[in-house]
Amino acid sequence: MAHKRTTLLVAALTLGAALTACTGNTPQNQGGGNQGGVKVANDEPGKKVVIGFSAPAADHGWMAAITNAAKAEAGKYSDVELRVVEGTNDVNLQISQVETFINDKVDAIVLLPFDGAALTPVALKAMKAGITVINVDREFDSPFAARSTVLGDNHGMGVSAGNYVCERLKGKTDAVVAEIAGIDSLPLTQDRSRGFAEALASCGLKVSNRVAAEFTVESGEKAAANLLQAARRIDAIWNHDDDQGVGVTAAIKNSGRNEFFMVGGAGSANVMREIKADNGPHKATVIYPSTQGADGIRLARLVVQGKSLGDLVEVEVPRQVELYAPVVTKDNVDRYLPTAFES
Amino acid sequence: MSEDTAAVAAHEQQRAPVGKDNGRGISGLLASPAGRNTGLVVALVLLCLGGVVTAGDRFADVDNLLTILRLAAVIGVVSVGMTFVITGGGIDLSVGAIVALSSVWATTLATQGIANDTHWIVIVFTALLVGGACGLVNGALIAYGRVVAFIATLASLAAARGLAEIISNRKTQIVNVPGFAAFFDASVLGVPVLVVIFAAVAVAGWVLLNRTTFGRRTFAVGGNPEAARLAGIDVRRHTVMLYTLLGLCCGLAAVMLVARTTTGSATHGGLYELDAIAAVVIGGTLLSGGRGTIAGTVFGVLIFTTLSNVFTLNNLSISAQAVAKGAIIVVAVLLQQRLARRSGA
């Protein structure tokens, strides 16, 4: 039996090789090189890749985690040399950092711009210089400014949170749902709120009370305190951001209210620990991955080494990777806790 | 410095004793006007040596030099203007906010529409006008409203950035005016236009401060306003002019930033007030007024941007760079205090 299977396998392989030899347009691969889609094990060391990494200032937990995760990922590969520059919210400085990478002729740049539009000209310059640019989280305004883009799904976060609220409040048509948003004028906040409203509408609910904070602990506390004053009874709260959620939780504890459950956003480790221990208002959180920068590092390495994304048939690395926003509950928290960020 | 001497004389007197310290070792050398700049040049050379030793060819490279200068250009223009205000005995905390407001106002759909119908220079004039107007308001509040400069410009800081957020609705405004980006992206004999503008502003600032009546009056007003008033200088009008000049510099810096990013945004110019004041102070301009040097300011800007570049090239951490910056400021200010005590004695 075992022998028969081996014979079959050899036959199939020979046939396949013959077919490829006859019909393939591309010259045969010499084990590596830059031809794209060489199906070797992706983690095996290839040619040396120098990657420059720049992100905004690490002024809240999620942003700090972006850089830390990127560094940790690069450390796993012996063929990656990562150059991380000072995180900055000054676009003038961030542009000069990218210019330095261009001068240094790095192989790839992984860039989480403070402002996507403002960093577009210099990213275009880098692409023109033949450098692989991977755009993370905040999009450039030109499709030619990056080889690939890694994004979180802001709209999807809202949808996931809304669906979870619907599920828990099933049949309660008079339920009071509150929302604590992040910085209201940012497109990402608008996307999250839109997704949340759409998902709630599908089960006949709506957002009764909505306040906006500014992603900081202090602003979260203030917004939540106001919200709790405004609404005498609440059934569910969705808070967009777990960093500001530290302040929201503090305000809830101070008020002594416990008639509602809370859903977080972004997915910090302390919220996940709270969900796991079931000792606070958080019963779930939706993830906005803080490992986007780390994924950017991996993609940059694959593109430069001419490898494909494993498990895809496509020979090139995709133009855009939009990450999923799963709901983390007590049942599945162990799966997500290892990659969660500390706020 | 005696109270009743005429202003210009007061300024001369203040400068004079500094020379006497020559020959008293290093601190004496550093105390002479030429010596102060020598100290800065030495610091810059040491930094560059550090860059060459640690980063070699990557540092000593024309492209890298231009990267440093392009980074220095925007904050440099603001710092030159700041030198005038501080020399004149004032302070301006609102420069970053004025840069933001000017960049936003110069890139609204309306402004861009007019620019598209006429010429891209409209964007430049709008930014200069907005910056100048902000400076005028600051100056008027301080000179005629008798609000302390620190408080008046703190108020402008909040108000200007708030206004920028309202106008832009906190969105990033992208510039699509043909010719604008092309002009500022170009190079003259291999030198980027932004760097040429910075050099022109620095030279013009030096001439204005050291070779004109306006400059003499600035020293006088900063050194001893009462003496300057008695000498017949309209101190209040001069103060308004100083802040307006700084406002114009902010407007110009906004144009340069818009060109570099092709965007106007309410987040532009974050903490520029601190960068500019730090550069001016380590350059040797007295925070209490009466003594100022444009060359020192330019060196101050170059020291900070070179430091930032060397750290970037060496892949050094965020925190180490901040510590180094802090240390440089403290050393410069300690040195300055010693000099002030000597020249005051």
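The chain as shown is numbered from 1 upward.
Each residue, glycine too, has its Cβ placed from N, Cα and C.
Unlike curated records, TrEMBL annotations are generated automatically.
Copied from TrEMBL, the annotated features are:
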type: REGION; residues: B:1-20; note: region 'Disordered'
type: TRANSMEM; residues: B:38-56; note: transmembrane segment
type: TRANSMEM; residues: B:68-86; note: transmembrane segment
type: TRANSMEM; residues: B:93-114; note: transmembrane segment
type: TRANSMEM; residues: B:120-141; note: transmembrane segment
type: TRANSMEM; residues: B:148-168; note: transmembrane segment
type: TRANSMEM; residues: B:188-209; note: transmembrane segment
type: TRANSMEM; residues: B:240-259; note: transmembrane segment
type: TRANSMEM; residues: B:271-287; note: transmembrane segment
type: TRANSMEM; residues: B:294-312; note: transmembrane segment
type: TRANSMEM; residues: B:318-335; note: transmembrane segment
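The stretch with the most CB contacts under 8 Å to the transmembrane segment (B:93-114), chosen from B:68-86, B:120-141, B:240-259, is B:120-141. Here the transmembrane segment (B:38-56) does not touch the transmembrane segment (B:240-259). Their Cβ atoms form fewer than 3 pairs under 8 Å, with each pair 6 or more residues apart. In this chain, the transmembrane segment (B:120-141) lies close to the transmembrane segment (B:240-259): three or more C-beta pairs between them fall below 8 angstroms, excluding pairs fewer than 6 positions apart. Comparison of B:68-86, B:240-259, B:271-287 by number of C-beta pairs under 8 angstroms to the transmembrane segment (B:188-209) places B:68-86 first. Listed by sequence, the residues of this chain that lie at least six past the ends of the transmembrane segment (B:240-259) yet keep a Cβ under 8 A from its Cβ atoms are 73-75, 77-78, 80-82, 84-85, 88, 90, 92, 95, 98-100, 102-103, 106-107, 123-124, 127-136, 138-140, 142-144, 175, 180-181, 183-185, 194, 197, 201, 214, 218, 221, 268-269, 272.
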